[in-house]
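Below is one structure, written out as structure tokens; the observations come after it.
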Amino acid sequence: MEQAIINDEREYLRHFWHPVCTVTELEKAHPSSLGPLAVKLLNEQLVVAKLGDEYVAMRDRCAHRSAKLSLGTVSGNRLQCPYHGWQYDTHGACQLVPACPNSPIPNKAKVDRFDCEERYGLIWIRLDSSFDCTEIPYFSAANDPRLRIVIQEPYWWDATAERRWENFTDFSHFAFIHPGTLFDPNNAEPPIVPMDRFNGQFRFVYDTPEDMAVPNQAPIGSFSYTCSMPFAINLEVSKYSSSSLHVLFNVSCPVDSHTTKNFLIFAREQSDDSDYLHIAFNDLVFAEDKPVIESQWPKDAPADEVSVVADKVSIQYRKWLRELKEAHKEGSQAFRSALLDPVIESDRSYI
């Protein structure tokens, strides 16, 4: 079947794992708690369902008369089309045509299926597994019994995933977009930190200024970033106020060329306070960011944007994205090398 038209500059993103929904969203989509649920990734219209013990992602288009399978139902271990009842197995092959039960099923009666897994309470999809060198992004709190983990409701922005990533990792905007909320406006000059590439991740550390007048919910402390390319950010905060660990895991789904569905999971060591205080604080911070990031135009960063030394993180990020785009054109080995070859600036050891 045909592939959705996407910008050639973003074709390489098909090789990465992206979250498309929470498990809760899928369970709420149908009384069975199994789906199906319509989702969109890189302009591909997809359907997600749980068939037996397996989470499955397919193109959301029946091979028969092109009805959306996401309007259908789960029948046993199969996904049933709402129009004529054709049933598809976990591999996307049609196993039942009710109108012709005694006739051979045509060989073309199948739909494209894609890699699909559940991790951290999110459903992840990889559209192209041919290079097979990417993994679901790293979330440091996933298996830490000390931490309470909360999955927030996804939030949508009219912005690219690249712009969202840059916003989340931008040190010099704190004093201007988040004065009194997340940062002290008198601390407008951030340090220039060494950045390492290792195992398909950016890793860097930023020690925020101490004794800033911010709310207790503000995760201020030593920031340790582990950012799995291209759009995931794992931020571990060793909080100054309580000497405890707070983790933010933010990852953006590139829905199409201008829309981003964002997922935030947070975890904290001290959990005697209400989850809702932290959820409300995160929502407040994002509400401060959103209108500014959505105002950026064009949506994709143009080459004539002026950068300064304080923009090191976004400069290095854009450089790596360009390298991945070019390597993708050369094939699997070049892409693997561009993604996984280490580039170390700091004195940290990764052995």
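Glycine is treated like the rest: Cβ placed from N, Cα and C.
So that you can see what the record holds, here are the features copied from Swiss-Prot:
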{"type": "DOMAIN", "residues": "17-125", "note": "domain 'Rieske'"}
{"type": "BINDING", "residues": "CYS62, HIS64, CYS81, HIS84", "note": "[2Fe-2S] cluster binding site"}
Densest Cβ neighbourhood among CYS81, HIS84 (binding-site residues), 10 Å radius: CYS81
[2Fe-2S] cluster site, defined by CYS62, HIS64, CYS81, HIS84: further same-chain residues with Cβ within 8 Å of the Cβ centre: ALA63, ARG65, ALA67, PRO82, TYR83, GLY85, TRP86
